[in-house]
Amino acid sequence: LCLPEGQPSYLLDIGCGSGLSGDYISEEGHYWVGIDISPAMLDAALDRDTEGDLLLGDMGQGVPFRPGSFDGCISISAVQWLCNANKKSDVPARRLYCFFSSLYSALVRGARAVLQLYPENSEQLELITTQATRAGFTGGVVVDFPNSAKAKKFYLCLFSGPSTSLPKGLTESQDADQASESMFTSERAPHKKARRDLVKKSREWVLEKKERRRRQGKEVRPDTQYTGRKRKPRF
């Protein structure tokens with residue numbers, strides 16, 4: 001968010017849930033307001049005695065705050081839900097634009113919004129970024145650990161003022177990324193082609209399957225002369 005050091009800021013948490021991210025904001029010396037559509041999650045936040053103010057609302061209907069109210073905005077795994085149409089009247093593009101345009105107004109000029117999200121596909125991510133641009137934001141998408149299936153995370157970094165450089169996403173060491181990528185691309189194609197030529201349940205097919213499970217770190221019985229042997233039928 002590039003907040004000024006040693007100075008408390010007023011932040012907005014979209015989809016605050018039970019206020020876990022708000023607790024970190026409070027620990028950093030900032031003030032915050034959280035908005036969420038779930039009364040149960042807000043009740044959990046009240047039970048935890050969070051220090052921020054809480055508001056029950058649907059972000060798809062807009063952020064109901066005065067212009068220039070906040071110095072920054074965060075969100076964790078919430079924006080992608082605007083792409084779903086739960087009712088016939090819900091139009092994802094319209095709800096996204098309503099959210100981003102009201103958020104743009106609620107931020108002071110030059111403030112940032114960092115929204116972590118899990119898009120289902122590239123079309124959904126393009127829809128979100130297009131509506132954010134229509135609302136006046138600049139910025140882009142930052143991806144942490146792009147080569148990892150489990151640790152991969154998308155961050156929509158939006159600027160309400162002049163466009164600045166995007167932060168760099170988290171990655172492993174560059175050499176390790178290049179090595180793992182080159183190994184992946186050099187071995188995957190011939191490996192798949194070889195599997196198509198194997199007869200299912202044959203000895204070669206069984207040995208290849210066992211070797212693949214060994215590469216995955218799974219426990220496999222050792223290969224013997226009986227591996228893949230076909231048993232004679234019994235009466």
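Even glycines carry a Cβ here, placed using N, Cα and C.
Because TrEMBL annotations are produced automatically, they should be read as predictions rather than curated entries.
Per TrEMBL, the feature compositional bias 'Polar residues' maps to 166-185.
Nonlocal intrachain contacts for the compositional bias 'Basic and acidic residues' (196-210), taken as residues 6+ away from its ends with a CB within less than 8 angstroms of a stretch CB, comprise 220-221, 223, 227-229. Residues annotated as compositional bias 'Basic and acidic residues' in TrEMBL: 196-210.
The domain 'Methyltransferase type 11' annotation in TrEMBL covers 12-83.
If you look up TrEMBL, you'll see 158-233 marked as domain '18S rRNA (guanine(1575)-N(7))-methyltransferase Bud23 C-terminal'.
The region 'Disordered' annotation in TrEMBL covers 166-235.
The predicted model assigns the domain '18S rRNA (guanine(1575)-N(7))-methyltransferase Bud23 C-terminal' (158-233) a mean pLDDT of 70. Here the compositional bias 'Basic and acidic residues' (196-210) has, by DSSP, the following mix of helix, strand and coil residues: 10 helix, 0 strand, 5 coil. DSSP states for the domain 'Methyltransferase type 11' (12-83), grouped as helix (H, G, I), strand (E, B) and coil, give 25 helix, 20 strand, 27 coil.
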